[in-house]
Amino acid sequence: SLSAGLDLPGRFLFAILTLMTLIANLVFIEEAVYIYRKIPSSKRSIIIWVNAAAPVIATTSCIGMWIPRSTMFTDFTAAVFFAIVIHKFLLMMIKECGGQKLLLRRFENGRFKISTGPCCCCCLCLPRVHITRRTLFWMKLGTFQFAFFRPVLMFLSIVLWTNGNYTPYNLSPKGAAIWISCFVGVLTILALWPVAIMFQQVRTLLTCKKIISKFALYQFILILNHLQTAIINILAMQRVIPCAPPLSSSARGAYMIQQLLIMEMFLITLISRVVYRRKYDDLEPLECTAEEDRDNKQTP
C-alpha cells in the first residue's frame, strides 16, 4: 500500500495535508450554513457554488494523493466542477447588480468593452458592444458551453482511456489526448472571456460588494488549477522533474501538483471566508445614481 511505502517524514506530510483538506471542508460547511441563513435565496446557491471551488479541488487532490490510480478521475472531477463555477461566477456578478433587469436598466446606455483577455486583450480596435438582453444571453452561453462540454469531454476521455486509446501524457498527433486538450483549451478561453468582460463593466459599481477581491480569488484558483498544473506536467514529461523509483517523472509531477493544490486551496478557502462574510453596503437606488449623473453633467 501507499502508506506502507512512506517513510516517517512522508507520513507526517500526508497527515498534515489531509488535516488541511479536512479543515478546508469544515470551514466551507460552516460558511455554507452562514450563507444559507444570512443571504437572500436568489443568491444563496450561486455563492455557495463559487465558495465550494477551493475545498472541492483540495478534496480531489487529497484523494488523488492517497490513491494514485484515481488521479485521472479526481483531476477530471475538479476540472468539471470549476467549469461550472466559471458559469456561476458570471451569474453571481449579474445577481449582485440586482439581477438581469436592473443590470440592463443601470447600463441601458452603456457598452461592453470586449477588447479584454484572454481572447482579445491586444485587439484594442474592436468596437464596444451595446449592453442588451441579447449580448447578456451570448455571454451566459459563452460560460455555459464550457460547463456543458467539459463533462462530455471527460466522459469521452474516460471511455477512450478504458479502451487504451487515451494516455494523458502522450501528446503525439496520433493520440487522442492532444486533440481533446486543444479543444478544451479553446472552450476554456471562450468561457473566460465573458467573465472578464462583465468584470470590467461592473467592478466600479460592485466595489461595495468586494467584487475585486472575489474576482482575484477566482483568478488565483484558475491559474493554480490550470496553468500551474500544465507547467508541472510539461516539466515532468520533459524529465526535468527526475524520477525516484518506484515513482516515474509523471507520477512525481502528479504528487507535486496534488500537494501544492491542497496547501493553496486551504489558504484560498480561509481567505474566501473572510471576503464573503463581510457586511456589504447596498447598491445605490437607480434614482440616486441618475440624479448624481445629472449633477456631474451640470457641474462642468
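Along the chain as shown, the residues are counted starting at 1.
From the backbone N, Cα and C atoms, a Cβ is placed for every residue, glycine too.
Here the structure is a predicted model, which means the values were calculated and not measured.
What TrEMBL says about this protein:
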- 12-34: transmembrane segment (TRANSMEM)
- 46-67: transmembrane segment (TRANSMEM)
- 73-94: transmembrane segment (TRANSMEM)
- 143-164: transmembrane segment (TRANSMEM)
- 176-195: transmembrane segment (TRANSMEM)
- 215-236: transmembrane segment (TRANSMEM)
- 256-276: transmembrane segment (TRANSMEM)
Close approaches to the transmembrane segment (73-94) from elsewhere in its chain (Cβ under 8 angstroms; 6 or more beyond its ends): 43, 46-47, 49-50, 52-53, 56-57, 60-61, 63-64, 100, 103, 136, 139-140, 143-144, 146-147, 150-151, 154, 157-158, 191-192, 194-195, 198-199, 202, 206, 211, 214, 218, 221-222, 225, 229
Recorded stretch, among 46-67, 143-164, 176-195, maximising Cβ pairs under 8 Å relative to the transmembrane segment (215-236): 46-67
Stretch in 46-67, 176-195, 256-276 most in contact with the transmembrane segment (12-34), if contact is a CB pair under 8 A: 46-67
